[in-house]
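S.K.: There's a structure below that I have some questions on.
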Amino acid sequence: RCKGSGSRPYQVRVDRQDLACKCSCPSRKFPCKHSLALLLLQVQHTASFTAGEPPEWVSEWLTSRQQRAVRKEEKKEQAEAKAADPQAAAKREAARNQKMTAGLDFLEQWMHDLIRHGLAQISAQQLPFAGIAARMVDAQLPGIAARLNNLTTLFTTAEVWPSSLCRELGQLQLIVDAWRQQQALTPAQLSDLHAALGIPPDKHDVTDGLTCLDNWQVLGQSAQEENNLWRRRVWLYGEKSHRTALLLDYSHGGKNFPQHFITGQVCQGALAFFPGASPLRARIVEPFTRGERFPLAELPLPDALHDMAQRLSANPWQWPLPLRVSEILIYPHESGWRFVSTQGQHLPTHLSSDEGWRLLAASGGAPFMLMGEWDGQQLTPCSAWLAGSVSWATGGAQ
């Protein structure tokens with residue numbers, strides 16, 4: 001119990017099993033400061049905590065959580081049993097494929113009309129993408145809808161949007177063509193196509209696929225919000241496997257992701273990679289444990305670009321791609337910040353004025369290792385490393 005401003009003390013309880021908490025205080029923040037304080041006290045003064053019979057109000061809370069977990073598992077089993085019916089599953093898949101085929105046919109006709117009328121007729125004040133994106137959602141093509149919605153961001157750079165739009169339309173046409181030639185694709189290529197369309201993989205394809213046990217260093221992370229839905233990307237690098245992995249999480253209403261990561265920390269555990277020609281996205285098989293930090297190998301810009309080109313040739317729809325490069329300098333330019341290698345090769349970047357000055361100050365003007373996300377046009381930096389340690393990062397650093 002914790003004494004608060006009211007007449008009754010607050011009832012604070014924390015389940016360390018999965019870091020769930022509840023408090024009777026009126027705070028709108030979750031977790032509240034009382035729950036965090038209880039956890040902090042347990043870490044700093046472990047000897048003061050002894051095992052015992054929990055109070056009734058704690059037992060009731062734990063029981064209700066267990067009951068909810070059981071009901072959730074029962075619903076999950078019922079859904080899996082329903083999905084396991086082969087005849088019903090085949091019928092659903094046929095209906096879905098018919099919808100998707102019709103949607104992609106409509107998309108192709110829309111793109112042809114757009115090109116025939118000319119890109120110059122597109123107005124930045126009346127962009128034509130929202131309507132067709134909604135049509136793709138109805139056709140069960142969420143991946144296509146997301147790509148169409150993202151096209152609006154191209155018009156923030158008026159000088160280059162025509163070429164960028166042509167590239168994106170070419171990507172969409174490639175997806176349409178691949179869908180019509182599914183029989184010619186390998187299983188890995190078909191998995192990449194499904195990911196581009198927004199079709200989630202079967203969970204058994206992930207759990208039964210490529211699993212990699214390693215020490216994973218957090219290279220960087222980014223988070224974006226759209227329609228109150230937060231998406232977080234966490235980039236990891238394996239010490240022994242030399243693999244780059246992507247953890248992709250979603251949270252509705254706020255950044256309440258299931259696990260917190262700090263750039264530079266090392267986690268030990270196994271990752272299961274999603275199927276694909278060049279597997280990148282992964283999920284955690286079991287909870288991570290703390291690992292020992294290891295040095296990252298130097299990676300000149302030509303080698304980094306070659307690695308990225310190899311990955312892109314295997315899966316042309318995989319964006320953004322991770323880019324880690326050493327011996328990089330940052331300098332201010334009249335149109336924004338620029339990255340340049342010590343050999344004089346330039347990298348266009350998307351970086352705010354304030355963050356650019358912070359990164360320049362953190363590097364002290366010296367060459368550093370840079371990690372970021374490449375979207376085909378420019379690099380969005382996630383972290384900078386000096387002498388093996390993180391000197392600047394988005395989302396917190398260790």
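Easy rule for this one: first residue shown is 1, then count along the chain.
Glycine residues also receive a Cβ, built from the backbone N, Cα and C atoms like all the rest.
Worth saying up front: this structure is predicted, and the values here are computed from it rather than measured.
Pulled these features from TrEMBL for this protein:
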DOMAIN    10-43  domain 'SWIM-type'
REGION    69-95  region 'Disordered'
COMPBIAS  70-83  compositional bias 'Basic and acidic residues'
S.K.: The domain 'SWIM-type' (10-43): mean pLDDT?
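M.R.: Looking only at the domain 'SWIM-type' (10-43), pLDDT averages out to 86.
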S.K.: Would you mind splitting the region 'Disordered' (69-95) into helix, strand and coil residue counts from DSSP?
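M.R.: Counting residues per DSSP class in the region 'Disordered' (69-95), I get 26 helix, 0 strand, 1 coil.
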S.K.: What counts of helix, strand and coil residues does DSSP assign across the domain 'SWIM-type' (10-43)?
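M.R.: Counting residues by DSSP class gives 11 helix, 9 strand, 14 coil.
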